[in-house]
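Copied over from TrEMBL, here are the features:
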type	residues	note
DOMAIN	20-356	domain 'Major facilitator superfamily (MFS) profile'
TRANSMEM	21-43	transmembrane segment
TRANSMEM	55-74	transmembrane segment
TRANSMEM	86-104	transmembrane segment
TRANSMEM	116-136	transmembrane segment
TRANSMEM	148-168	transmembrane segment
TRANSMEM	174-194	transmembrane segment
TRANSMEM	214-234	transmembrane segment
TRANSMEM	240-259	transmembrane segment
TRANSMEM	279-302	transmembrane segment
Amino acid sequence: MKLHDSADMGVATLPPVARGFSALLIGMALTVTDVSMMAIAMPGIGSDLGLGTETLALIAGAYPLLVAMLLLPAGRAGDRFGRRRVFLVGGGLFALGALLAAVATGPSALADARMLQGVGGAALAPQALALIPRLFTPKTQSGAFARLAMTASFASVCGPLVAGMLLVAAPAWIGWRAIFLVEAGLALTVMLLAARQLDHDDQVAGSGGRPAEIASFSAIIFCLVAPLYVGPAFSWPPLVFVMPAAALPCAALFARLMARAGPAALIPPGLFQAPSFRWSLAFLFLAVSAPPGFFVVLSLVLQSELGLSPIQTGLVTAVWRDNLCEKSATIRMRVVVVAAGSGWPHGDQRSSGFAS
């Protein structure tokens with residue numbers, strides 16, 4: 001993919017390819033760190049807005065739910081409407097959602113802002129992957145993908161610690177809102193870099209999927225994931241138990257639509273014939289389904305029940321992330337960070353910190 005030559009020498013400290021790739025790296029990091037940073041901010045949000053744990057869990061789930069529902073459709077939208085264009089739209093929605101979250105004064109406004117961020121995050125991530133072949137030659141693409149994966153892993157590990165530092169450093173009248181202000185600034189930076197460095201000649205690579213396929217896929221994800229967040233917030237109404245069952249006819253419809261579409265389907269049916277794909281899918285489901293909710297609960301317990309500060313909580317939760325490789329140096333680093341988090345000076349702060 002060709003890149004614009006910038007005449008602005010103040011921005012030309014990096015070559016054009018590096019500046020364009022930086023937009024992809026920051027965009028991917030934003031989508032990954034948001035969940036972990038939000039988990040650290042949960043107790044402060046609950047205390048400031050007077051929210052209980054059920055409402056906090058519902059707000060925390062708004063972002064990952066929208067990302068899960070729209071990740072695949074957003075990827076196909078990039079195929080149809082242009083990956084650069086969808087990437088820019090995703091960055092704009094993420095920035096707007098972050099700004100709205102920063103000024104939210106109630107749970108409804110905050111939840112709406114988080115959902116808007118989820119739409120933006122779903123648009124950013126797949127385009128970051130799809131744009132790499134446009135930026136790099138075939139010989140250098142593997143290295144670019146590796147750097148993107150490394151950035152996502154590093155961001156996941158550092159997210160809790162960065163959130164804790166922001167909460168401690170921010171003035172009291174800003175508090176948890178500082179996290180969203182920083183996210184908005186980074187998202188705007190992504191848009192600026194992408195708009196100036198990624199070439200407009202974004203070729204369409206596919207049909208983008210049929211609306212019925214996209215709707216049925218999103219319905220499956222919603223029926224399976226939404227009850228996990230809605231149930232605790234509304235005392236487990238009967239509808240929560242009906243929704244997972246409703247995913248079955250949606251899945252049947254989706255399978256039928258894919259079979260009709262063939263190779264042009266949203267998910268080509270031939271992928272499921274490969275054992276490696278099926279096993280990888282099962283592994284990813286087990287690996288990523290539980291951690292987001294676990295870290296939200298862990299953050300609430302560490303800060304609200306055990307009295308740890310946001311920085312301590314960030315140190316403790318960072319080493320739980322499974323993105324660090326299992327090397328002896330890494331294990332030693334985990335021990336040091338856990339010890340630092342456990343021994344960080346703090347007073348007796350054993351209070352709920354939010355409405356019960």
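Yeah, the Cβs are placed from backbone N, Cα and C, and that goes for glycine too.
Predicted automatically and left uncurated, TrEMBL annotations should be read as such.
These figures come from a predicted structure and were not determined experimentally.
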Taken over the domain 'Major facilitator superfamily (MFS) profile' (20-356), the model's mean pLDDT: 79
When counting Cβ pairs under 8 Å to the transmembrane segment (148-168), the leader among 21-43, 55-74, 86-104, 116-136, 214-234: 21-43
Chain residues in Cβ proximity to the transmembrane segment (116-136) (below 8 Å; excluding those fewer than six residues from its ends, i.e. six or more beyond): 1, 3, 17, 20-21, 24-25, 27-28, 30-31, 34, 62-67, 69-75, 77-79, 83-84, 86-87, 89-98, 100-101, 143-145, 148, 183, 187, 190, 198-199, 202
